[in-house]
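Feature annotations, courtesy of TrEMBL:
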MOD_RES   K38  N6-(pyridoxal phosphate)lysine
ACT_SITE  K38  active site, proton acceptor
BINDING   R136, M313  substrate binding site
DOMAIN    243-367  domain 'Alanine racemase C-terminal'
ACT_SITE  Y264  active site, proton acceptor
Amino acid sequence: MSKIGETILQLDLKALEHNYRFLRSKLAAKTKFLAVVKAFAYGSDMVTIAQKLESLGVDYFAVAYTKEGVLLRKSGIKIPILVLHPQPINFTELIDHSLEPNLYSSKILKLFLEVAKQKGQTNYPVHLKFNTGLNRLGFLENDIANIAEQLKETDELKIISFFSHLAASEDLSEKAFSLNQIDRFKKICKVLHQKLGYTPFRHMLNTSGIINYPEAQFEMVRSGIGLYGYGNSKAVDSKLVPVATLKTIISQIHKIESNESVGYNRAYKSEKPRTTATLPLGHADGIGRHYGNGKTYVSINGKNAPIIGNVCMDMIMVDVTDIDCQEGDEVLVFGQNQSAEDFASSVNTISYELLTAISSRVKRVIVNS
Ligand SMILES: *Cc1c(COP(=O)(O)O)cnc(C)c1O
(Lines of atoms letter the chains of each structure in order from A and count residues from 1; the text may use other names and numbers.)
(Lines give C-alpha, C1' and ligand atoms only; values in the text may rest on other atoms or scores of the structure.)
Protein backbone atom coordinates (compact mmCIF):
# COMPACT_ATOMS: atom_id res chain seq x y z
CA MET A 1 0.00 0.00 0.00
CA SER A 2 1.27 3.47 -0.75
CA LYS A 3 1.48 6.07 1.96
CA ILE A 4 0.52 9.01 -0.23
CA GLY A 5 -3.16 8.04 -0.32
CA GLU A 6 -4.12 10.51 -3.06
CA THR A 7 -2.71 12.38 -6.04
CA ILE A 8 0.20 14.59 -5.04
CA LEU A 9 2.85 16.74 -6.62
CA GLN A 10 5.99 16.02 -4.64
CA LEU A 11 8.48 18.90 -4.60
CA ASP A 12 12.07 18.10 -3.75
CA LEU A 13 13.92 21.11 -2.36
CA LYS A 14 17.27 19.29 -2.48
CA ALA A 15 16.77 18.96 -6.22
CA LEU A 16 16.06 22.68 -6.40
CA GLU A 17 19.27 23.44 -4.52
CA HIS A 18 21.24 21.09 -6.78
CA ASN A 19 19.88 22.76 -9.92
CA TYR A 20 20.57 26.23 -8.57
CA ARG A 21 24.16 25.29 -7.74
CA PHE A 22 24.64 23.66 -11.15
CA LEU A 23 23.43 26.76 -13.00
CA ARG A 24 25.49 29.06 -10.76
CA SER A 25 28.57 26.96 -11.54
CA LYS A 26 28.23 28.00 -15.20
CA LEU A 27 28.51 31.69 -14.28
CA ALA A 28 31.09 34.13 -13.03
CA ALA A 29 30.90 34.56 -9.26
CA LYS A 30 29.91 38.20 -9.56
CA THR A 31 27.01 37.59 -11.98
CA LYS A 32 23.67 38.10 -10.28
CA PHE A 33 21.07 35.37 -10.46
CA LEU A 34 17.38 36.09 -11.00
CA ALA A 35 15.07 33.15 -10.35
CA VAL A 36 11.91 33.13 -12.43
CA VAL A 37 9.04 31.97 -10.21
CA LYS A 38 6.08 33.02 -12.36
CA ALA A 39 3.07 30.74 -12.80
CA PHE A 40 3.34 29.27 -9.27
CA ALA A 41 7.03 28.59 -9.83
CA TYR A 42 6.33 26.66 -13.02
CA GLY A 43 3.33 24.91 -11.56
CA SER A 44 4.94 23.90 -8.27
CA ASP A 45 4.55 26.09 -5.18
CA MET A 46 5.73 29.67 -5.62
CA VAL A 47 6.07 30.66 -1.98
CA THR A 48 7.95 27.54 -0.85
CA ILE A 49 10.26 27.65 -3.86
CA ALA A 50 10.93 31.38 -3.46
CA GLN A 51 11.65 31.05 0.26
CA LYS A 52 14.14 28.26 -0.42
CA LEU A 53 15.83 30.19 -3.24
CA GLU A 54 16.01 33.33 -1.13
CA SER A 55 17.74 31.32 1.60
CA LEU A 56 20.20 30.00 -1.01
CA GLY A 57 21.13 33.55 -1.92
CA VAL A 58 19.46 34.35 -5.24
CA ASP A 59 19.57 38.06 -5.99
CA TYR A 60 16.26 38.71 -7.70
CA PHE A 61 12.91 37.12 -8.46
CA ALA A 62 10.75 37.57 -11.54
CA VAL A 63 7.05 36.94 -11.88
CA ALA A 64 4.81 37.63 -14.85
CA TYR A 65 2.05 39.63 -13.17
CA THR A 66 1.64 41.98 -10.23
CA LYS A 67 -0.63 39.62 -8.33
CA GLU A 68 2.12 37.00 -8.23
CA GLY A 69 4.57 39.51 -6.80
CA VAL A 70 2.05 40.63 -4.17
CA LEU A 71 1.76 37.03 -3.01
CA LEU A 72 5.54 36.83 -2.63
CA ARG A 73 5.64 40.05 -0.61
CA LYS A 74 2.79 38.86 1.61
CA SER A 75 4.73 35.70 2.34
CA GLY A 76 7.72 37.71 3.50
CA ILE A 77 10.01 37.71 0.47
CA LYS A 78 12.39 40.63 0.84
CA ILE A 79 14.63 40.63 -2.23
CA PRO A 80 13.74 42.66 -5.36
CA ILE A 81 10.96 41.29 -7.57
CA LEU A 82 10.77 42.13 -11.27
CA VAL A 83 7.27 42.00 -12.77
CA LEU A 84 7.82 40.93 -16.38
CA HIS A 85 4.44 41.79 -17.82
CA PRO A 86 2.68 44.29 -15.58
CA GLN A 87 -0.69 45.69 -16.56
CA PRO A 88 -1.31 49.41 -15.98
CA ILE A 89 -4.49 48.69 -14.02
CA ASN A 90 -2.22 47.23 -11.30
CA PHE A 91 0.47 49.94 -11.15
CA THR A 92 -0.73 51.36 -7.81
CA GLU A 93 -0.77 47.93 -6.21
CA LEU A 94 2.63 47.21 -7.72
CA ILE A 95 4.15 50.29 -6.07
CA ASP A 96 2.36 49.58 -2.78
CA HIS A 97 4.16 46.23 -2.64
CA SER A 98 7.59 47.47 -3.75
CA LEU A 99 7.55 45.47 -6.97
CA GLU A 100 9.68 46.53 -9.92
CA PRO A 101 7.96 46.81 -13.29
CA ASN A 102 9.26 45.94 -16.71
CA LEU A 103 8.52 49.03 -18.80
CA TYR A 104 8.53 47.97 -22.41
CA SER A 105 7.06 50.82 -24.43
CA SER A 106 6.81 54.59 -24.33
CA LYS A 107 3.12 54.24 -23.56
CA ILE A 108 3.75 51.99 -20.55
CA LEU A 109 6.61 54.19 -19.39
CA LYS A 110 4.35 57.24 -19.52
CA LEU A 111 1.54 55.54 -17.63
CA PHE A 112 3.89 54.28 -14.94
CA LEU A 113 5.56 57.67 -14.60
CA GLU A 114 2.14 59.25 -13.97
CA VAL A 115 1.32 56.78 -11.19
CA ALA A 116 4.78 57.19 -9.65
CA LYS A 117 4.30 60.98 -9.66
CA GLN A 118 0.83 60.68 -8.16
CA LYS A 119 2.24 58.53 -5.38
CA GLY A 120 5.11 60.90 -4.69
CA GLN A 121 7.87 58.46 -5.59
CA THR A 122 11.49 59.35 -6.18
CA ASN A 123 13.96 56.98 -7.82
CA TYR A 124 11.37 54.20 -8.04
CA PRO A 125 13.20 51.13 -9.43
CA VAL A 126 12.12 50.10 -12.92
CA HIS A 127 13.53 47.94 -15.72
CA LEU A 128 13.48 48.61 -19.45
CA LYS A 129 13.03 45.78 -21.90
CA PHE A 130 14.27 45.82 -25.46
CA ASN A 131 12.98 43.83 -28.37
CA THR A 132 16.00 42.47 -30.21
CA GLY A 133 14.18 39.91 -32.34
CA LEU A 134 11.60 37.98 -30.32
CA ASN A 135 8.94 40.51 -31.30
CA ARG A 136 6.93 39.96 -28.14
CA LEU A 137 7.51 42.85 -25.68
CA GLY A 138 10.04 45.62 -25.72
CA PHE A 139 11.26 48.96 -26.93
CA LEU A 140 13.03 49.09 -30.26
CA GLU A 141 16.43 50.55 -30.91
CA ASN A 142 14.91 53.66 -32.43
CA ASP A 143 12.89 54.37 -29.29
CA ILE A 144 16.08 55.34 -27.48
CA ALA A 145 15.75 59.05 -28.18
CA ASN A 146 12.16 58.92 -26.96
CA ILE A 147 13.11 57.17 -23.74
CA ALA A 148 15.82 59.69 -23.00
CA GLU A 149 13.34 62.49 -23.69
CA GLN A 150 10.69 60.97 -21.41
CA LEU A 151 13.14 60.51 -18.55
CA LYS A 152 14.72 63.94 -18.83
CA GLU A 153 14.13 66.02 -15.72
CA THR A 154 12.19 63.34 -13.93
CA ASP A 155 13.42 61.97 -10.63
CA GLU A 156 10.43 59.71 -10.02
CA LEU A 157 12.06 56.72 -11.71
CA LYS A 158 15.43 55.07 -11.56
CA ILE A 159 16.33 52.58 -14.28
CA ILE A 160 17.81 49.58 -12.48
CA SER A 161 18.41 47.40 -15.50
CA PHE A 162 18.11 46.97 -19.24
CA PHE A 163 17.13 43.59 -20.52
CA SER A 164 16.18 41.58 -23.57
CA HIS A 165 15.14 38.01 -24.30
CA LEU A 166 16.52 35.48 -26.77
CA ALA A 167 14.09 33.95 -29.25
CA ALA A 168 15.85 30.61 -29.70
CA SER A 169 18.47 30.17 -26.98
CA GLU A 170 18.00 26.39 -26.94
CA ASP A 171 18.30 25.99 -30.71
CA LEU A 172 21.90 26.01 -31.93
CA SER A 173 20.78 26.04 -35.56
CA GLU A 174 19.70 29.62 -34.80
CA LYS A 175 23.06 30.60 -33.37
CA ALA A 176 23.64 33.39 -35.87
CA PHE A 177 20.28 34.92 -34.97
CA SER A 178 21.01 34.70 -31.24
CA LEU A 179 24.44 36.27 -31.62
CA ASN A 180 22.85 39.06 -33.60
CA GLN A 181 20.33 39.65 -30.80
CA ILE A 182 23.16 39.81 -28.26
CA ASP A 183 25.02 42.26 -30.44
CA ARG A 184 22.00 44.52 -30.88
CA PHE A 185 21.37 44.47 -27.15
CA LYS A 186 24.95 45.49 -26.40
CA LYS A 187 24.70 48.42 -28.77
CA ILE A 188 21.39 49.61 -27.33
CA CYS A 189 22.79 49.48 -23.79
CA LYS A 190 25.89 51.38 -24.79
CA VAL A 191 23.95 54.24 -26.34
CA LEU A 192 21.53 54.41 -23.42
CA HIS A 193 24.30 54.37 -20.84
CA GLN A 194 25.71 57.45 -22.50
CA LYS A 195 22.34 59.19 -22.75
CA LEU A 196 21.32 58.47 -19.15
CA GLY A 197 24.67 59.24 -17.60
CA TYR A 198 24.46 56.19 -15.34
CA THR A 199 24.80 52.48 -15.95
CA PRO A 200 21.84 50.23 -15.18
CA PHE A 201 22.89 46.58 -15.20
CA ARG A 202 22.08 44.26 -18.11
CA HIS A 203 20.57 40.81 -18.50
CA MET A 204 19.53 38.66 -21.41
CA LEU A 205 19.96 34.93 -20.73
CA ASN A 206 17.31 32.40 -19.72
CA THR A 207 18.23 28.82 -18.77
CA SER A 208 19.30 27.69 -22.25
CA GLY A 209 21.07 30.99 -22.71
CA ILE A 210 23.20 30.27 -19.63
CA ILE A 211 24.18 26.94 -21.18
CA ASN A 212 24.73 28.08 -24.76
CA TYR A 213 25.78 31.75 -24.54
CA PRO A 214 27.55 32.24 -21.19
CA GLU A 215 29.61 34.99 -22.81
CA ALA A 216 26.40 37.08 -22.78
CA GLN A 217 25.70 36.74 -19.06
CA PHE A 218 26.33 40.48 -18.53
CA GLU A 219 25.58 41.43 -14.91
CA MET A 220 22.64 39.06 -14.32
CA VAL A 221 20.86 36.01 -15.77
CA ARG A 222 17.22 34.92 -15.50
CA SER A 223 16.56 31.24 -15.03
CA GLY A 224 13.27 29.41 -14.68
CA ILE A 225 13.00 25.93 -16.15
CA GLY A 226 16.55 24.92 -15.21
CA LEU A 227 15.84 25.49 -11.52
CA TYR A 228 12.93 23.07 -11.81
CA GLY A 229 15.15 20.44 -13.39
CA TYR A 230 14.85 20.79 -17.16
CA GLY A 231 17.32 22.22 -19.63
CA ASN A 232 15.83 21.83 -23.11
CA SER A 233 18.35 19.15 -24.06
CA LYS A 234 19.17 15.60 -23.00
CA ALA A 235 22.73 16.61 -22.10
CA VAL A 236 21.62 19.36 -19.73
CA ASP A 237 18.70 17.37 -18.36
CA SER A 238 21.17 14.69 -17.30
CA LYS A 239 22.90 17.23 -15.01
CA LEU A 240 19.69 18.47 -13.43
CA VAL A 241 17.20 16.83 -11.07
CA PRO A 242 13.43 17.25 -11.53
CA VAL A 243 11.94 19.13 -8.58
CA ALA A 244 8.38 17.97 -9.22
CA THR A 245 7.17 14.38 -9.28
CA LEU A 246 3.50 13.74 -9.97
CA LYS A 247 2.27 10.69 -8.09
CA THR A 248 -1.10 9.08 -7.75
CA ILE A 249 -2.59 5.77 -6.61
CA ILE A 250 -4.76 3.00 -7.99
CA SER A 251 -8.40 3.53 -6.97
CA GLN A 252 -9.89 0.44 -8.57
CA ILE A 253 -8.78 -2.53 -10.67
CA HIS A 254 -11.07 -4.15 -13.27
CA LYS A 255 -10.76 -7.38 -15.17
CA ILE A 256 -12.36 -6.96 -18.56
CA GLU A 257 -13.09 -9.52 -21.26
CA SER A 258 -12.27 -9.18 -24.95
CA ASN A 259 -14.56 -6.88 -26.89
CA GLU A 260 -15.35 -4.66 -23.94
CA SER A 261 -14.70 -0.93 -23.92
CA VAL A 262 -13.15 1.42 -21.41
CA GLY A 263 -14.17 5.00 -20.68
CA TYR A 264 -16.12 7.70 -22.45
CA ASN A 265 -17.10 7.27 -26.09
CA ARG A 266 -15.89 3.69 -25.75
CA ALA A 267 -12.58 4.96 -27.08
CA TYR A 268 -10.64 1.86 -25.92
CA LYS A 269 -11.78 -1.57 -27.02
CA SER A 270 -10.17 -4.74 -25.71
CA GLU A 271 -9.03 -7.33 -28.23
CA LYS A 272 -8.04 -9.71 -25.45
CA PRO A 273 -8.95 -10.01 -21.76
CA ARG A 274 -7.29 -7.14 -19.91
CA THR A 275 -6.70 -5.78 -16.44
CA THR A 276 -7.23 -2.05 -16.06
CA ALA A 277 -6.59 0.36 -13.21
CA THR A 278 -8.48 3.59 -12.60
CA LEU A 279 -6.44 6.50 -11.19
CA PRO A 280 -7.70 9.67 -9.45
CA LEU A 281 -6.07 12.05 -11.93
CA GLY A 282 -7.70 13.72 -14.92
CA HIS A 283 -7.76 16.71 -17.19
CA ALA A 284 -8.94 18.91 -14.33
CA ASP A 285 -5.64 18.09 -12.61
CA GLY A 286 -3.64 19.09 -15.67
CA ILE A 287 -3.32 15.87 -17.62
CA GLY A 288 -5.09 16.99 -20.79
CA ARG A 289 -7.23 14.83 -23.03
CA HIS A 290 -4.47 14.58 -25.62
CA TYR A 291 -2.50 12.31 -23.24
CA GLY A 292 -5.11 9.58 -23.61
CA ASN A 293 -5.47 6.67 -26.00
CA GLY A 294 -2.03 5.15 -25.69
CA LYS A 295 0.03 8.28 -26.26
CA THR A 296 1.96 7.78 -23.06
CA TYR A 297 2.17 5.78 -19.87
CA VAL A 298 2.54 5.94 -16.10
CA SER A 299 4.79 3.70 -13.95
CA ILE A 300 3.47 1.19 -11.44
CA ASN A 301 5.84 -0.99 -9.41
CA GLY A 302 8.61 -0.29 -11.89
CA LYS A 303 6.61 -1.12 -15.02
CA ASN A 304 4.96 1.04 -17.65
CA ALA A 305 1.16 1.14 -17.82
CA PRO A 306 -0.23 2.84 -20.95
CA ILE A 307 -3.08 5.31 -20.55
CA ILE A 308 -6.03 3.78 -22.38
CA GLY A 309 -9.19 5.46 -23.63
CA ASN A 310 -10.05 9.10 -23.14
CA VAL A 311 -8.76 11.10 -20.20
CA CYS A 312 -11.76 12.02 -17.99
CA MET A 313 -12.08 15.13 -15.84
CA ASP A 314 -11.07 13.34 -12.63
CA MET A 315 -9.76 9.95 -13.77
CA ILE A 316 -7.60 8.09 -16.20
CA MET A 317 -7.56 4.38 -16.89
CA VAL A 318 -4.36 2.47 -17.53
CA ASP A 319 -3.58 -1.02 -18.73
CA VAL A 320 -2.00 -3.09 -15.94
CA THR A 321 -2.48 -6.53 -17.52
CA ASP A 322 1.20 -7.41 -17.13
CA ILE A 323 1.82 -5.61 -13.85
CA ASP A 324 1.65 -7.10 -10.41
CA CYS A 325 -0.33 -4.43 -8.55
CA GLN A 326 -3.20 -3.79 -6.16
CA GLU A 327 -5.71 -1.11 -5.36
CA GLY A 328 -3.95 1.57 -3.31
CA ASP A 329 -0.55 1.05 -4.94
CA GLU A 330 1.50 4.10 -5.79
CA VAL A 331 1.69 5.31 -9.40
CA LEU A 332 4.41 7.59 -10.82
CA VAL A 333 3.26 9.86 -13.62
CA PHE A 334 6.33 11.99 -14.29
CA GLY A 335 9.39 13.21 -12.42
CA GLN A 336 11.31 10.43 -10.73
CA ASN A 337 10.31 7.90 -13.38
CA GLN A 338 10.06 9.44 -16.84
CA SER A 339 10.88 13.14 -17.05
CA ALA A 340 8.19 15.75 -17.55
CA GLU A 341 9.93 16.51 -20.83
CA ASP A 342 9.50 12.92 -22.07
CA PHE A 343 5.90 12.74 -20.86
CA ALA A 344 5.11 16.06 -22.58
CA SER A 345 6.90 15.15 -25.79
CA SER A 346 4.57 12.18 -26.25
CA VAL A 347 1.94 14.71 -27.28
CA ASN A 348 4.32 17.17 -28.93
CA THR A 349 4.45 19.67 -26.15
CA ILE A 350 7.16 20.75 -23.71
CA SER A 351 7.86 20.40 -20.00
CA TYR A 352 6.97 24.07 -19.44
CA GLU A 353 3.37 23.48 -20.53
CA LEU A 354 2.90 20.19 -18.68
CA LEU A 355 4.38 21.51 -15.41
CA THR A 356 2.43 24.77 -15.35
CA ALA A 357 -0.82 22.95 -16.09
CA ILE A 358 -0.84 20.89 -12.87
CA SER A 359 -3.86 22.40 -11.20
CA SER A 360 -4.29 23.72 -7.67
CA ARG A 361 -6.45 20.72 -6.87
CA VAL A 362 -3.34 18.54 -6.66
CA LYS A 363 -1.82 18.61 -3.20
CA ARG A 364 1.78 19.86 -3.06
CA VAL A 365 4.01 17.85 -0.75
CA ILE A 366 7.44 19.24 0.10
CA VAL A 367 10.34 16.87 0.71
CA ASN A 368 14.00 17.44 1.67
CA SER A 369 13.34 20.97 2.91
C1 LIG B 1 9.88 32.97 -18.44
C2 LIG B 1 11.03 33.86 -18.75
C3 LIG B 1 12.36 33.48 -18.43
C4 LIG B 1 12.72 32.09 -17.94
O5 LIG B 1 13.01 31.26 -19.03
P6 LIG B 1 13.48 29.72 -18.82
O7 LIG B 1 13.61 29.19 -20.20
O8 LIG B 1 12.38 29.07 -18.05
O9 LIG B 1 14.76 29.76 -18.06
C10 LIG B 1 13.37 34.41 -18.60
N11 LIG B 1 13.10 35.65 -19.09
C12 LIG B 1 11.86 36.03 -19.45
C13 LIG B 1 11.65 37.38 -20.01
C14 LIG B 1 10.79 35.16 -19.31
O15 LIG B 1 9.56 35.52 -19.70
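The backbone N, Cα and C atoms fix where each Cβ goes, glycine too.
Features recorded in TrEMBL, as mapped to the structure shown.
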| residue | record | contacts (Cβ under 8 Å, 6+ apart) |
| --- | --- | --- |
| K38 | N6-(pyridoxal phosphate)lysine | A62, V63, A64, Y65, E68, L84, G224 |
| R136 | substrate binding site | H165 |
| Y264 | active site, proton acceptor | G309, N310, C312 |
| M313 | substrate binding site | G282, H283, A284 |
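Following the DSSP three-state reduction, the secondary structure of M313 (substrate binding site) is coil. In the three-state DSSP assignment, the secondary structure recorded for Y264 (active site, proton acceptor) is helix. Across the domain 'Alanine racemase C-terminal' (243-367), DSSP classifies residues as 22 helix, 45 strand, 58 coil.
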